[in-house]
Amino acid sequence: MEKYILSIDQGTTSSRAILFDKEGKIKGIAQREFKQFFPKSGWVEHDANEIWTSVLAVMAEVLNESNVGAEQIASIGITNQRETTVVWDKHTSRPIYHAIVWQSRQTQGICQDLKEQGLEDKFRNKTGLLLDPYFAGTKVKWILDNVEGAREKADNGDLLFGTIDSWLVWKLSGGQAHITDYTNASRTLIYNIYDLEWDQELLDILEIPNTMLPEVKASSEVYAHTIDYHFFGEEVPISGIAGDQQAALFGQACFDRGDVKNTYGTGGFMLMNTGEEAVSSKSGLLTTIAYGLDGKVNYALEGSIFVSGSAIQWLRDGLRMINSAPQSENYAERVESTEGVYVVPAFVGLGTPYWDANARGAIFGLTRGTEKEHFIRATLESLCYQTRDVLEAMEKDSGIKVNNLRVDGGAVKNNFIMQFQADLLNLGVERPEINETTALGAAYLAGLAVGFWDSKDEIANRWNLEKEFQPDMIEKDRERLYKGWKKAVEATQVFKLEDE
């Protein structure tokens, strides 16, 4: 009987279940979207119960569509939208409030208060993170402060907190396991990534009782088993967990110090494996945990690009310049260059290394000769310029010279972007055969724990290159183009509209 790993990929807009065979090939995929809630401007929430039912639905669908029985599942791996926060009653398993999503800015006031108290360096030095609404800790505090009766229930030990991985393990196991893994813990703003434990001082500052916290485990071990009535009569081990970007790093077999992957999704996320050393950043990068495996923890530097693939959606849906994302490649290749046009897509501010929340998008270099093709090409090029910004920050902070870049995400299908990226970085850009690297990473972690795969070496040998893009631009042109981008970003940061 052939066995498979079931990977649950719980994302920001949809839940997916993907079956992988022993070769790391995809046997089947199922996907289901769920509702987004926007109670106030800048707030984003999900219904944690709807996330759970969507996961149940896609698990059933992928088994059914693939004609695979539950008894053929060797283990389950989970990868998840990071930082999104659920607080639930441990007796009823009912959430006491919506899940507050990573994008949500509703804890801006809490973060501002903490900064004004001079606490930013304390949080940074213990967690590797910035004091930002992005991370989970302030979301927990917000729920306890704003939901009636929550603070009292928490103090009585009746409430549990978890990121989405914890919530799904709790539900799949029928409440037998309240756990998370190192990667998700490292995104909470209350986990000390150096001591590898929840930080009591930070918990006290945010007034979070430690009875709420999940136990932190390795990214690959048997945490619990499914209860049979949640998994079609079978008790299957749940044995791999990683936050989505760390899972992609693992799925790309970036196991060595200095290995880098960039995900071109809605936003862009670059991670560099820094080995067993946690590198502090002076360039606006985050220090985080890459994975915990074999009794050791690997660290990573992470850079965030707020607008990546969503810039192409903007061309399609906002400006209606193109009918489909693939069309952008065709338009970009019709012209030799942008003729000096730069698009800075700072629609929601600038991420790494600028961290300018008040910057807004801008276009520079327009002339009467500017045509649609130049504009589209400049928008695609902006993804690559932002990637170079982050990579240069990583090389500076780590002291590591990067030799190549592994890529994944929706925009990597665009050959123009990949070639321009190689030209701009003067590096080989490696596109893998399997683009589902996030789900694959979770599957690998789950499979290693139960002997489905033997070692990281075996996994590294399974990584297959679909295409490598080699640089084909002279240095003078490369540096002239990048210098123009830096001037465009600088001008964008100067232009600020004051609030009325």
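Here the Cβ of each residue, glycine as well, is placed from N, Cα and C on the backbone.
Features reported for this protein in Swiss-Prot:
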- T12, T13, S14, T266, G309, Q313, G410: ATP binding site (BINDING)
- T12, R16, T266, G309, G410, N414: ADP binding site (BINDING)
- T12, R82, E83, Y134, D244: sn-glycerol 3-phosphate binding site (BINDING)
- R82, E83, Y134, D244, Q245: glycerol binding site (BINDING)
- H230: phosphohistidine (MOD_RES)
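Taking the features listed in Swiss-Prot, we show where each one sits on the structure.
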residue: T12; record: ATP binding site; Cβ within 10 Å: 19
residue: T13; record: ATP binding site; Cβ within 10 Å: 12
residue: S14; record: ATP binding site; Cβ within 10 Å: 14
residue: R16; record: ADP binding site; Cβ within 10 Å: 21
residue: R82; record: sn-glycerol 3-phosphate binding site; Cβ within 10 Å: 26
residue: E83; record: sn-glycerol 3-phosphate binding site; Cβ within 10 Å: 25
residue: Y134; record: sn-glycerol 3-phosphate binding site; Cβ within 10 Å: 21
residue: T266; record: ATP binding site; Cβ within 10 Å: 20
residue: G410; record: ATP binding site; Cβ within 10 Å: 16
residue: N414; record: ADP binding site; Cβ within 10 Å: 21
If you compare CA-to-CA distances from G309 (ATP binding site) to each of the binding-site residues R82, Y134, D244, Q245, N414, which comes out shortest?
N414
To the nearest whole angstrom, what is the C-alpha distance linking T266 (ATP binding site) and R82 (sn-glycerol 3-phosphate binding site)?
15
Sequence gap of 6 or more, Cβ distance under 8 Å: name the residues on the same chain that satisfy this around Q245 (glycerol binding site), in order along the sequence.
R82, T263, F269, L271, E302, T438
Across all chains shown, how many C-beta atoms besides its own are within 10 angstroms of the C-beta of Q313 (ATP binding site)?
14
Could you name the residues, excluding T12, R82, E83, Y134, D244, of the same chain that surround the sn-glycerol 3-phosphate site, i.e. Cβ within 8 Å of the Cβ centre of those residues, in sequence order?
N80, Q81, T84, V101, W102, Q103, R187, G243
Restricting the comparison to the binding-site residues E83, Y134, D244, N414, which residue's C-alpha is spatially nearest the C-alpha of S14 (ATP binding site)?
D244
10 Å Cβ neighbour count around G309 (ATP binding site)?
22
Cα-Cα, whole number of Å: R16 (ADP binding site) versus G410 (ATP binding site)?
15
